[in-house]
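Reviewing the structure listed below.
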Amino acid sequence: MTRHFLTDLDLSPAEQAEVLDLAAAMKADRYGYRTYAGPQGTGSKTVAIIFDKTSTRTRVSFAAGVADLGGNPLIINPGESQLGHKESVADTVRVLERMVHTVVWRTYAQAGLAEMARYSSVPVINALSDDYHPCQLLADLLTVREHHGRTAGLTLAYLGDAANNMANSYLLAGVTAGMHVRVAGPDGFLPGETVVAAARERAQATGGSVLVTTSAADALDGADVLATDTWVSMGQEDEKSDRAEVFRPYAIDEAALATAAPGAIVLHCLPAYRGQEISAGVIDGPQSVVWDEAENRLHAQKAIMHWLMDASGLLAEPGEPSPSGRRA
Ligand code: CP
Ligand code: NVA
């Protein structure tokens, strides 16, 4: 069965830990995993990386990551293909799956990704949708592990637009990693009931927990990890002026950081807007780990690409056992 990574729930807690272990190993030996190069005499694997929205980190980390694995990254920028305006998702992926080995897609509606996966015999990876950003969360959790030594039992507080893709992914991926996830935002900008219920259900299996609140102070109190994101996500540009005031109490600044745990670290998926959701002093200060977090996109995405191919039985050549992933 082909495995896809469309939401953070697509990995069980054990699978998420396995992917993070692999990401750490790949980080320690950047050029040691050539699993997209193919055995001697066979072709390398191609990954189509499609963007309906703009990107810096996702584009560069997937392109570099596929190259590190010995594969061939094919970047398709917004407006460059027939997808969405001249050709349906289903017809597009019916063609792509004949030519490439994985499809990575940054788009708007989550339903499009679900439709693509339905018609695809190769793994489909969500590179950000309006609802989730699961690749970012793998990088964030790897960063938490590096700085705190673990994820389980830690408290993560996300402040700001608690109805956006990052908030949803913090909830789902955070509890999958056994964390206590608190999300705080203004009324009208809190996560939907379905996501909260799914996070609570998964938390029961991992020992994590969920708090959804309008109180920034309640979320911040003693937290081990602070996280925020832009107040205006891609596609919401028309709402920019209405949002600035309502989100102001949820900014992560020096006063907010002072109420977290003494060794707290600060995450931001970037791009960041200094003086809005995060102060310059915090993002450029000693507790910020945002550059490690950005780098970890590379390692985490190499790991999830390899893992999905392996779990789908697509790394093995006919007649050969599934490769372990390590260089001989
Ligand atoms: N964090 C993130 O996904 O960055 P880009 O939008 O630059 O890809
Ligand atoms: N919530 C932001 C994340 C950017 C990486 C957006 O969707 O624009």
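Placement of Cβ uses the backbone N, Cα and C atoms for every residue, glycine included.
Among the features that TrEMBL reports, domain 'Aspartate/ornithine carbamoyltransferase carbamoyl-P binding' is placed at 3-146.
The number of other Cβ atoms within 10 Å of the Cβ belonging to Arg57 (carbamoyl phosphate binding site), over all protein chains shown, comes to 19. Per TrEMBL, carbamoyl phosphate binding site is recorded for Ser55, Thr56, Arg57, Thr58, Gln82, Arg106, His133, Pro134, Cys135, Gln136, Cys269, Leu270, Arg297.
What TrEMBL records for 153-308 is domain 'Aspartate/ornithine carbamoyltransferase Asp/Orn-binding'.
The DSSP secondary structure for Asn165 (L-ornithine binding site) is helix. For Asn165, Asp229, Ser233, Met234, the entry in TrEMBL reads L-ornithine binding site.
Taking Cα separation as the measure, Asn165 (L-ornithine binding site) is nearest to His133 of the binding-site residues Arg57, Gln82, His133, Cys135, Cys269. Largest CA to CA distance in the carbamoyl phosphate binding set (Ser55, Thr56, Arg57, Thr58, Gln82, Arg106, His133, Pro134, Cys135, Gln136, Cys269, Leu270, Arg297): 30 Å, whole number.
Proximity to ligand 1 at the level of Cβ atoms, with a cut-off under 6 angstroms, picks out Ser55, Arg57, Cys269 from the binding-site residues Ser55, Arg57, Asn165, Cys269, Arg297. With Asn165, Asp229, Ser233, Met234 listed as the residues that bind L-ornithine, the site has a largest C-alpha separation of 12 Å.
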